[in-house]
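Trainee: The compositional bias 'Basic and acidic residues' annotation in TrEMBL covers B:1-12, B:78-101, B:170-180. For B:1-180, the entry in TrEMBL reads region 'Disordered'. What TrEMBL lists as compositional bias 'Gly residues' is B:31-42. Marked as compositional bias 'Basic residues' by TrEMBL: B:43-60. The compositional bias 'Polar residues' feature in TrEMBL is assigned to B:126-137. The annotation domain 'SAM-dependent MTase RsmB/NOP-type' is assigned in TrEMBL to B:275-562. Summarising the annotation, TrEMBL assigns S-adenosyl-L-methionine binding site to B:Cys367, B:Ala368, B:Ala369, B:Pro370, B:Gly371, B:Gly372, B:Lys373, B:Glu391, B:Asp418, B:Asp435. If you look up TrEMBL, you'll see B:Cys492 marked as active site, nucleophile.
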Amino acid sequence: MEVESSSSDEPRSIAVEKAIEVDIDPGNLLVSDSNEISRLQLNSNPAEYLKELTRSNTQLLINRIFTLPFHRVDDVIVAELPKPTYVLPRSKPAPKARPLSKWESYAKEKGIVKKKKSRLVWDEMVKKWVPRFGYRRAEAEHAKDWLIEVPQHADPYEDQFEKKSEEKSERVAKNELQRLRNLAKAKKVVVPAAKGLTSKVKQSKEELLTAAHTANKATASLGKFQPKVGKLKPLKGTGKKRQFEPLINNQEKAKNLSVLDKIMNKKPKIDVESVVSKSVGSGNLKRKGQGQDNYGDDEDGGQRRGGRRGKQMGTKNSKIKKGPAKKGSFKKGRASPRSGPKKKKN
Amino acid sequence: MGRKANWSEKPKSGPGRKARKQPAPSFPGMIGSGPGGGGGGISKHRKKKQFGGPGGKKRSSYPQNDGRKLKPGQPYRKSNESKKSSKPIDKKVTRNVRDASDSEEDEEEKQVMGSNSEGDEGMSDNEPTMETGSGSEDGSDDEAMQDDFSGSDGEAPDSGLEDGDQNGDGQKDEDKDDKLTKWHKLANINGSSDDADKIDFPEGQEPTFDVQVVVDRIKDVISTLLDFKTRREEGRSRSEYISLLTSDLCQYYGYNEYLMERIMQVFPLGELQDALDAADAPRPMTIRTNTLKCRRRELAQALIARGVNLDPVGKWSKVGLVVYSSQVPVGATPEYLAGHYMIQGAASFLPVMALGPQENERILDMCAAPGGKSTHIAALMKNTGTLLANEFNKDRAKALIGNFHRMGVKNSVICSYDGRKLPEVMKGFDRVLLDAPCSGSGVISKDSSTKTQRDAIDIQRTNTKQKELIMAAIDCLDATSQTGGYLVYSTCSILPEENEEVVALALRKRNVKLVPTGLDFGTPGFVNFQGKRFHPTMNLTRRFYPHSHNMDGFFVAKFKKFSNSNPVVKVDDEEEEEAEGSGEQE
Amino acid sequence: MRPLTEEETRLFFEKLAKYIGENIKVLIDRPDGPFCFRLHKERVYYVSEEIMKKAGNISRDNLVCLGTCLGKFTKTKKFRLHITALDYMAPYAQAKMWLKPNAEQQFLYGHNVMKSGLGRISENTVKYSGVVVYSMNDIPLGFGTAAKSTTECRHTDPGTIVCFHQADIGEYIRSEDTLT
C-alpha cells in the first residue's frame, strides 16, 4: 500500500461538510457516518474516495475530542472521554440464570411465599425479648437449657444434652448435604446415588435392602471380594435387560413350528370322545352291572392306555390321576363295572 | 326389486292427478282490479299467490327458526304425486311445517322442470323460470292452487286433512275471511298503485318476522335480478338487491352471512333456491357391499329376507345399494356385524372409484377415519399389496381398527401421524387418497350447525391445513411407479377456496398435472371463479351437488405426479433484470 | 413392535390350539407368502412379512394397528383371544356349532347358548373344548367353549347351556373400545 506523505500536502482546513450529521461517540472514539456513498466514485476510484471519507470523518472526531474537558497530567494534556453511548454486542453468550433449587421449585409450584420473620421473639420462660437468630441467640438458648426435663418414656440414662447437640449437628449436616445437592444439580455434576444410606428414621424393607447392597458395593473393587454376609437377597429391577429377537427374523418360522410341535405332543393324540361315541353307537358297551364285555372293542386299546376312568376323560382334569379311586363313586371293595379289576398304569 | 333409484336423471312430472279436477276459479272482483293489475312484469299466478282469492292460500305462521321446508327423508326433487302420498305418513308434522309456499315450490318446480331439460349434470343455464313458465301454465297453476281450497269430496281422503281445513295449515276455513282482509292491507302496503312487484326494501335494520313476506321477497328479488334491465327499480343498484336477497336467504334458511355469500357465488341464481333446499334435506342411505366377503346379489337377498327395502344404486357402481326403508336397524344386522357391508354416503364411493386402486400396490390414505373409503380401497385391492391408513386423531383411529377388522381387511397398517409429517416417515406410494378435513359445506344435512358456525377464520384455518396436507401427499407419491403416481384430493365441500384453489396451488408448486377422474357424471370444476382464473385443466375435476346428483356436496380431483423432483420457484422478471444490471455495473 | 418370545408364543399357541388345534401350522406356514406374529403394546398381530417390514418405519407411539389383531396378553401374562381373530379361526375350526335364527340374537348380545337354540353341532366335540359358533347361513358369529360334548348335548334338556360365550361379532358395536 502506498503511503502518501502528508507533509507534502498543504495543511487542509479542519472544517468538514457533511450532508447528514455524523454520529460521534467520543467514549468509544467512534464515528458513524450515515451519508450515502457515491457509487460512481466508488467504482471509478475506490482507494482515493475511501481515503477522503476516512480523513473527513477522522477530522470530525478530532474536532470533537478537542471540545472535551481536559486536564494536565505530567506535562501531557489529556482529554477525558465521557461514557460510551454505543453499546457493543457481547462477545460471549449471556450466562443463564441459576436453576431453582429443589425447595424453590416446590415453593413456586405450591405458591408458598416467604414470610419475613421478626428478629425478636417474646420468650415466656425467660420473660425477655430474645433474638430468633443471629447475635446473642445462642446466649438466650443457653439461658433456657440449664435444665432439660427427661421425657416420660425416655431412657433415664440417656444424656439429653448430648442428644440435643447431636440433633443439631445432624440438622446442620442435612442442610449442608441438600445445599451441595442443589449445587451439583445446578452445575450438572453427576453425584453417585447413595441409595438407602442417607439415614431416615424409619426405613422400609426395600430401602434397607438397597442400603445393604450399596454398602456391599462401596469398596475399591466394587464389592467383588466382599465376604458373604448372610443371605443378601437379590434386588428387584436390576439385572440384565431382556433381549428380544430382531424384528426381521429368519428363524421365526422354524421356532414357531417347534413350539407348536411341543404343544401338540403334550396333548393326548387319541380322541377319546370319538371312540366312546363309536362304542356307544355300536351298542357294545353294556349298562352298569351287566358284565364286563368291553375290552375287545377298542381298536387300538386306547381306552385302557389312556386311563382307567372313562368319566374323567375330556374334562378339565384331563391329566390322569394315579392313586386311589374316586371316593364315593362306588362301594369300597367292589370294582366299578366299567373298569373291571384295577389295572395299574405301566 | 323396487323402484330403481336414479341418481342422474329424474323424470319430469307434470301437474298431479288431483290438480285437474276442477276448473280455475274466477274472481271478477279480485285479481284483475286488485293491485298489480293485468300488466307489469309480474305473472298472474304470482298475484294470485300474493293476494289470493277467497279462502285462498293461507300464509300460516310457523316457528321462525325452522328453515326447513321439506320433511326429513323426502328427496328434494319430488313429483306432486309422491308428495301427496307422503302426506298421510306424517300428518301432524306436515301441517305445521309445510306452508303455502310448499305448493308454491311445487309449481315453481314444475315450471323449472318444464322449462329446463333433464340435464341435471349441467346446471349451466339460468333460465328465468318465472316468466316463461307462468304464461303457459296458468291453467295448471290454477288447478294446483285449487288443492288448497277446493270442495271437500275428492281431496279429503287423500290429503288426510281435517274437514273444514282444506289447504293444510291447520286453520279452519272460516278464519280465511279475516286473513283475506289482512292480505288486502298487506297488498296495499306492498305495492303502490302501478308496480305490483315493487320490492319493499326494509329501510331499518330490523328483520321481518313474517316468513311469507321473506319468501315472496326472495322470489321477487331473484326474478328481478335475472332480468335486471327490465325489472329493476329506479335508483336501486344491483348490489342492494343482492344484499337484500342475502339477508333474506340467511334468515329463511338459517345460514350466517359469510357462508351465504359464498354459496351465492357458487350457484347461479336460478339454481340457488334448489341448492339451498336440497342442502337441508338428508340424502338417502346407501350401503356398500364388501366384495372381500360377499357379492351384492347375495347380500341384497339376505337383507331383503330380513326386511330391508333396497335397490342397486345405479349403473355407476357395482357395489352400492340404496336403502329406502327397513324394519331392522341397518347398522346392526348380523350381515353388518359379519362385515358384509358398510354404511356409507353415495358420495364417498366417488374418490375411491376415481383413485382406481389395483392389486399389489402401495396405497396411502391420509385421513382415513372412520374407514369407509379405506375399506373400499382394500376391497378393490383384494387384500394384496399394502394399505397405510393414517388418522391424526387417536380416538377416530380406534374406529378405524374396528371397521378394518370387521370388514376383513388384512393388508393394512394403521398409524396416527400428523399428515404433514408423513413424507418423513414413508414415501414412494403408488397412490394416495387425501379426503381432506373441510368446512363441511356440502354435508349440511348431516350437521346443521355448519350453517351458522362457519366463518372466515374457520375456513382460513382449514384451508391452510388442506394446502399443507396436499403438499405432503404429493411428496409421498412416487412418480416413477409403474402403475401409478396418482393422488386423489376430495372434500365434502362446495366452496372453491377449499377445492379449486387448493388444486391450483398444488399444480403451481409441484410437478403434478390433473387427469380425468374417470367419473362420467358430475359437474366440471370451475376454470374461472369470481374473476380468478385457474389452470385450464381444472375442468377435469368434478363437483357434485345435492340438488343435481342427489348425493352430498362433494369435490374430487385426480392428479398424476410426473416427476419426483420439485419445480424451481420462478424468479420475478424485475428481479432478474436488477440482478443483471448490477452485474453489468461492476 | 417385536416378535414374541418363546414363552409368549407357547401361551398364545396353547390358547389358539383349543379352537383350531393342529391347523395353526397352516397359519405359520402359508402358501401365499410368509406371515408372522408380532407383539405391539401387549397385543398380538398377525400380518404378512412385507407389510410388517413397512410398518417397521412407524414409531412405537404412532403405530396403532398392524394387519389383524388376534388377541392380547393381560397384565398377568395370560392370553385372551379377541373377536377380531374370528376370520382366521372360522375356516380352521375343529369344533363348530350352528345356531337357530332366534338364538342368534341372544348370542350376539353376549349370552350363552342354550340347547333350545342349538341347530347343529359338529361330531366328536370334546367337552370344554373351544368351538366356533355359526349361524344357519354359515356366517361365523363368534366363538365359545363347549359346555357339553356332542353326546351329552343329545341327551340333555333344552334349558341347559351348551356353549359358554367367549366372543361374538356383536362386540364390534357393543364394545368398540376394548378392540382399541
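Backbone N, Cα and C define each Cβ position, glycine as well.
Curation plays no part in TrEMBL annotations; they are all automatic predictions.
Can you tell me where each of these features sits in this structure?
Mentor: Secondary structure at B:Ala369 (S-adenosyl-L-methionine binding site), as computed by DSSP, is coil.
A coil conformation is recorded for B:Cys492 (active site, nucleophile) in the three-state DSSP classification, outside any helix or strand.
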Trainee: Name, in the order they occur in the sequence, the residues of the same chain whose CB lies under 8 A from the CB of B:Cys367 (S-adenosyl-L-methionine binding site) and which sit 6 or more residues away.
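Mentor: B:Cys367 (S-adenosyl-L-methionine binding site) has long-range Cβ partners B:Asn390, B:Glu391, B:Phe392, B:Gly419, B:Leu434, B:Asp435, B:Ala436, B:Pro437, B:Leu469.
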Trainee: Quick one: mean pLDDT on the domain 'SAM-dependent MTase RsmB/NOP-type' (B:275-562)?
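Mentor: Looking only at the domain 'SAM-dependent MTase RsmB/NOP-type' (B:275-562), pLDDT averages out to 92.
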Trainee: So for B:Gly371 (S-adenosyl-L-methionine binding site), how many other CB atoms are inside 10 Å of its CB?
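Mentor: Excluding its own Cβ, the number within 10 Å is 28.
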Trainee: List the residues of the same chain that sit at least 6 positions away from B:Asp418 (S-adenosyl-L-methionine binding site) in sequence and have their Cβ under 8 Å from its Cβ, in sequence order, or write 'none'.
Mentor: B:Phe392
Trainee: Please give me the CB contact count at 10 A for B:Ala369 (S-adenosyl-L-methionine binding site), counting all chains in the structure.
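Mentor: For B:Ala369 (S-adenosyl-L-methionine binding site), the 10 Å Cβ neighbour count is 24.
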Trainee: When a 10 Å sphere is centred on the Cβ of B:Cys492 (active site, nucleophile), how many other Cβ atoms does it contain?
Mentor: 24
Trainee: For S-adenosyl-L-methionine, with binders B:Cys367, B:Ala368, B:Ala369, B:Pro370, B:Gly371, B:Gly372, B:Lys373, B:Glu391, B:Asp418, B:Asp435, what's the maximum Cα separation in whole Å?
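Mentor: Of all Cα pairs among the recorded S-adenosyl-L-methionine binders, the widest measures 20 Å.
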